[in-house]
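Some features that TrEMBL has for this protein:
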TRANSMEM  12-31  transmembrane segment
TRANSMEM  67-86  transmembrane segment
TRANSMEM  98-117  transmembrane segment
TRANSMEM  137-158  transmembrane segment
TRANSMEM  170-195  transmembrane segment
TRANSMEM  201-222  transmembrane segment
Amino acid sequence: MNENLFTPFTIPMMLGIPITTLIIMFPTMLFPTPNQLINNRMITIQQWLTKLTSKQLMNTHNPKGQTWSLMFISLFLFITFTNLLGMLPHSFTPTAQLSMNLGMAIPLWAGTVVMGFRNKTKISLAHLLPLGTPTFLIPMLVMIETISLFIQPLALAVRLTANITAGHLLLHLIGSATLALVNISLFTALITFTILTLLTILEFAVALIQAYVFTLLVSLYLQDNT
């Protein structure tokens, strides 16, 4: 095992050229394209999960917000498979990079905010000032609400980055400890290996949950602005 703790989070290079784009495009190859009249089980399960997730995300939206459903499903599947890609041995996790997560969060957040100010200008401006605010507190509250509005995409990106990074670091540390304990105490190494197995299962769950949370929060931002 590589002793460098942060090696899984460094950008991979090939002939001096970053290959991050190729890695990000790899999960799209995992989606089979239906080309038969009767789908097989894999495509049927994929379509069922897609419809279930779409229903959970869009059941509270009005018709204008439901036009974003295809983009939300694409975003959810992309983040899910990108997170799972990082679970492969000696692989690279693109969602552990804050720059990439900001690149997803900022345009989506900006799109929902611009839509809100365009279609519901008065309501969007009213969100910056709670009802019944004393006059002397109005400038301070407007400033606080404005800052909280602009912090939303940063919170989206940092939440995803922190959860993916923390899980991978923990797996790396426990895996290194297991290898070191094999020559010292086989019983202790077996215990740490069991913990490593359970954490690996948990990390798979975290990869799915964080993809859903990211998409759900963007969906809630859209719901507030449509």
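Including glycine, each Cβ sits where the backbone N, Cα and C put it.
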Do at least three CB pairs under 8 A connect the transmembrane segment (201-222) and the transmembrane segment (67-86), leaving out pairs fewer than 6 apart in sequence?
yes
Who are the chain neighbours of the transmembrane segment (137-158) in space, where the CB to CB distance is under 8 Å and they lie at least 6 residues beyond its ends?
98, 101-102, 104-106, 108-110, 113, 127-130, 214, 217-218, 221
